[in-house]
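Colleague: So that we are looking at the same thing, I have put the structure below in structure tokens.
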Amino acid sequence: MTRDEVLAEFRAAGALLEGHFILSSGLRSGVFLQKARVFSEPERTERLCKALAAKVRAELGDAPTVIVSPATGGIVPGYEMARQMGLKGLYVERENGEFTLRRGFELTKDDKVLVVEDIVSTGLSSRECIEAINKTGATVIAEACLVDRSGGEADVGVPLIALTEYKVPAYPADQLPPELEAIPAIKPGSRGLA
């Protein structure tokens with residue numbers, strides 16, 4: 001799937017938004033990918049994750065033994081990637097501000113984990129998720145995401161396999177360009193809700 005095809009899926013779902021957005025990283029952007037709108041359509045989610053699963057298989061073969069995603073944004077693509085790859089799909093969620101496995105989910109030292117995210121911007125949530133997995137003794141071999149907003153600049157600590165890259169400028173709140181300063185900011189993400 002090409003970058004244009006991926007972005008067309010987001011546009012068709014009404015998920016490629018323009019305005020002034022506060023990202024989960026705290027940075028500001030004039031573009032927001034509202035993946036919840038994409039994930040509300042099972043067929044669209046399946047198409048995107050099927051393409052990502054093919055890309056992961058081309059790079060990793062059968063190496064992953066389990067998929068782990070960070071809640072909340074990674075749960076739907078993590079589930080669909082697990083379905084596409086025939087693997088178990090788990091997720092970590094925040095407890096007292098830190099990601100942890102709950103709900104009876106367990107990993108062992110023999111598990112080779114593929115982390116699945118929706119969108120990667122700075123890689124912070126990814127690194128926090130990977131840190132939680134590392135504490136279990138399992139090995140994170142790579143991360144996969146639908147869109148890498150950093151254009152390949154985010155360091156998640158393991159190889160990052162993105163269905164596409166879509167570099168979108170993001171700014172600290174005190175360094176906004178005039179066009180963003182003129183628009184009220186909204187915070188559409190999920191960080192800080194739990």
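Note: Cβ is positioned from N, Cα and C throughout, glycine not excepted.
What Swiss-Prot lists as 5-phospho-alpha-D-ribose 1-diphosphate binding site is Glu117, Asp118, Ile119, Val120, Ser121, Thr122, Gly123, Leu124, Ser125. According to Swiss-Prot, the orotate binding site annotation covers Ser121, Arg149.
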Colleague: In sequence order, which same-chain residues at least six apart have a C-beta under 8 angstroms from Arg149 (orotate binding site)?
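Modeller: The list for Arg149 (orotate binding site) reads Leu33, Ile119, Val120, Ser121, Glu165, Tyr166, Lys167, Val168, Ala170, given in order along the sequence.
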Colleague: So if I draw a 10 Å sphere around the Cβ of Glu117 (5-phospho-alpha-D-ribose 1-diphosphate binding site), how many other Cβ atoms end up inside it?
Modeller: 26
Colleague: Across all chains shown, how many C-beta atoms besides its own are within 10 angstroms of the C-beta of Ser121 (5-phospho-alpha-D-ribose 1-diphosphate binding site)?
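Modeller: Ser121 (5-phospho-alpha-D-ribose 1-diphosphate binding site) is surrounded by 24 other Cβ atoms within 10 Å.
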Colleague: Based on DSSP, name the secondary structure state of Ser125 (5-phospho-alpha-D-ribose 1-diphosphate binding site): helix, strand or coil.
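Modeller: Going by the DSSP assignment, Ser125 (5-phospho-alpha-D-ribose 1-diphosphate binding site) falls within a helical segment, counted as helix.
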Colleague: Is it possible to get the count of other C-beta atoms within 10 angstroms of the C-beta of Gly123 (5-phospho-alpha-D-ribose 1-diphosphate binding site)?
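Modeller: Taking all protein chains shown, Gly123 (5-phospho-alpha-D-ribose 1-diphosphate binding site) has 21 Cβ neighbours within 10 Å.
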Colleague: Taking Ile119, Ser125 as the binding-site residues to compare, which has the smallest set of other Cβ atoms within 10 Å?
Modeller: Ile119
